[in-house]
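J.: Take this structure, written in structure tokens, and hold onto it; I'll ask about it next.
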Amino acid sequence: MPDNDERTPLITPAVPPNQADYGGTEDARDAMSKFVVNNVAGESGRKLPQYIAGLAASGGALAAGTFLGWTAPTDKPLTQQMEYGFPISDEAFSWIGSISNLGAAVMCFPIGYMMKLIGRKWSMLAMVLPLVLGWLLIIFAENVAMMMVGRFFLGVGGGAFCVAAPTYTAEIAQPSIRGTLGTFFQLMVTVGILFVYAVGAGVDVQMLSIICGIIPLVFGAIFFFMPESPYYYVEKGRFSEASGSLKKLRGAQYDENAEIEDLKQADAKMKAEAITIVEAFRQKATIRALCISLGLMFFQQLSGINAVIFYNSAIFASANGGEEMSSASIIVGGIQVVATLVASAVVDKVGRRILLLVSDFMMAVSTILLAVYFQLKEDDPSKVSDLNWLAVLAVCLFIAMFSIGYGPVPWLMVGELFANNVKAFASPLAGVFNWLLAFLVTKIFTNLKDAMGEAGVFWLFSGISLAGTVFVFFVVPETKGKSLNEIQLLLSGEKPTASDQVSVQEAKSDDTVPQVA
């Protein structure tokens, strides 16, 4: 997502402050040439290496998307056709589908410490191991337990990427392209889901798993050659290595000294403002930001998104889709990719609240349509014999509306609502809450369907989405165009003083590097 607090690039003066100590015209000319190199159109350096590194990091998002989408094309082959030669009940498959979310939740806090300890690059490369191990366990599974353990490991690797890849991308990119690179992660997740839907339509479960298992290996082979985040090196006081990293990311002719100083100041400020978790959650702004963030995560997951993603094949089959709807999941995946692209283009133009309101209300409409369809089917199947298209239309509308609002915006707002010195505590907390809710929804969806009927489940999801719309309208503030200081004042209920106005203006030109969760 586009970064809303992007920093004006630090401009190197024509003659550095210490230039008077030398007094030579050659030195002054040298400094002027560096100024020109670093300030063409306000920002210098090559952008292509940054795009390449950002795309390489997003290969982890592609791997995460494959494990998220894997259950949709494998449900029927595993539970009804017994492709693996051993029985898998609907209850067992609900565990197989949902347990990966527990693995992801487990990694939200450890991955932050790993990135501080061994760096962003090596933390992501280390996640190739659980991903490959997870796919191997699934490929050679001889029982349900092996599949469940494999899926748990996939969640560990994929969940870690959901924290590490956006952090790495934000830290390597210059302000002018940080927003664009920030869209790569969510986009590649949806591409991964679409990839699994498309490939899964033409191969058996084992071959699909083999193909998915190759993706993290390809990611590792490519990402191995990418540079480490320069901010990590600055954190560790390894300034020469930070310079080398910036040279690789901006080009050999780039004068990195000004940016290094910028990163040093951001790091020093972060360390000076460090507070304990107890102090953090005594602040009114932090408490309110946490309530908003957790509320958004609650309504995101309880809208039923993971149930629709994981089980859309079963939904279509239950809607009497038959063979003519065999491509429906692929269509859904394509819609998700396109809608995510649309969201990335408009989120900084129309604002967060309007996207959330439209998204949640239309998701409620979509699930109401599904509820009505299944209610009619339960009453008299003949009533819906010509309405099979309605279920597909409702699911497609649901996915599109989720992807333009409630999919990406809650994660974007988590980064905007919390002050920098509390993000290390708050961001992982929101992540754990989100993954645990995802586990809950995917695990109990089958049980709810058995207890309430398909119509009852979608009536429940529609009611929750309507409640989420009310929550956004009355509780969630608009953060578009506001600096971090303005948002903190808004959350604390304070009016800015004259000194605050000055600090706000400084903050708008002071885009500190996003911090590790």
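Just so you know, glycine gets a Cβ as well, placed from its N, Cα and C.
In case it helps, TrEMBL gives these features for our protein:
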type: DOMAIN; residues: 53-480; note: domain 'Major facilitator superfamily (MFS) profile'
type: REGION; residues: 1-22; note: region 'Disordered'
type: REGION; residues: 496-517; note: region 'Disordered'
type: TRANSMEM; residues: 51-72; note: transmembrane segment
type: TRANSMEM; residues: 92-115; note: transmembrane segment
type: TRANSMEM; residues: 122-141; note: transmembrane segment
type: TRANSMEM; residues: 147-168; note: transmembrane segment
type: TRANSMEM; residues: 180-199; note: transmembrane segment
type: TRANSMEM; residues: 205-226; note: transmembrane segment
type: TRANSMEM; residues: 289-313; note: transmembrane segment
type: TRANSMEM; residues: 325-347; note: transmembrane segment
type: TRANSMEM; residues: 354-376; note: transmembrane segment
type: TRANSMEM; residues: 388-412; note: transmembrane segment
type: TRANSMEM; residues: 424-445; note: transmembrane segment
type: TRANSMEM; residues: 457-476; note: transmembrane segment
J.: When only pairs 6 or more apart in sequence are counted, do the transmembrane segment (51-72) and the transmembrane segment (205-226) reach 3 or more Cβ pairs under 8 Å?
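T.: They do touch: at least three Cβ pairs between the two stretches lie under 8 Å.
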J.: State, in range form, which of 92-115, 205-226, 457-476 has the highest count of Cβ pairs under 8 Å to the transmembrane segment (424-445).
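T.: Comparing 92-115, 205-226, 457-476: 92-115 has the most Cβ pairs near the transmembrane segment (424-445).
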J.: Under 8 Å, at least 3 Cβ pairs, sequence separation 6 or more: does that hold for the transmembrane segment (325-347) versus the transmembrane segment (147-168)?
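T.: The transmembrane segment (147-168) and the transmembrane segment (325-347): touching, no.
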J.: So what's near the transmembrane segment (122-141) in sequence-distant terms, Cβ-Cβ under 8 Å and 6+ beyond its ends?
T.: 57, 60, 63, 67, 84, 111, 114-115, 147, 149-158, 160-161, 164-165, 168, 206, 209-210, 212-213, 216-217, 219-220, 223-224, 228
J.: State the non-local partners of the transmembrane segment (354-376) in its own chain: residues 6+ outside its ends, Cβ under 8 Å from one of its Cβ atoms.
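T.: Here the qualifying positions are 296, 299, 303-304, 315, 318-319, 343, 346-347, 383-384, 387, 390-391, 393-395, 397-398, 401-402, 404-407, 409, 453-456, 458-459, 461-463, 465-466, 468-469, 472-473, 476.
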J.: Can you name the far-off residues of the same chain, 6+ from the ends of the transmembrane segment (147-168), with a Cβ under 8 Å from a Cβ of it?
T.: 57-58, 60-61, 63-64, 67-68, 88, 95-97, 99-108, 110-112, 114-115, 120-121, 123-124, 127-131, 133-138, 141, 182, 185, 216, 229, 427-428, 431, 435, 514, 516-517
J.: Give, as a single whole number between 0 and 100, the mean pLDDT over the domain 'Major facilitator superfamily (MFS) profile' (53-480).
T.: 86
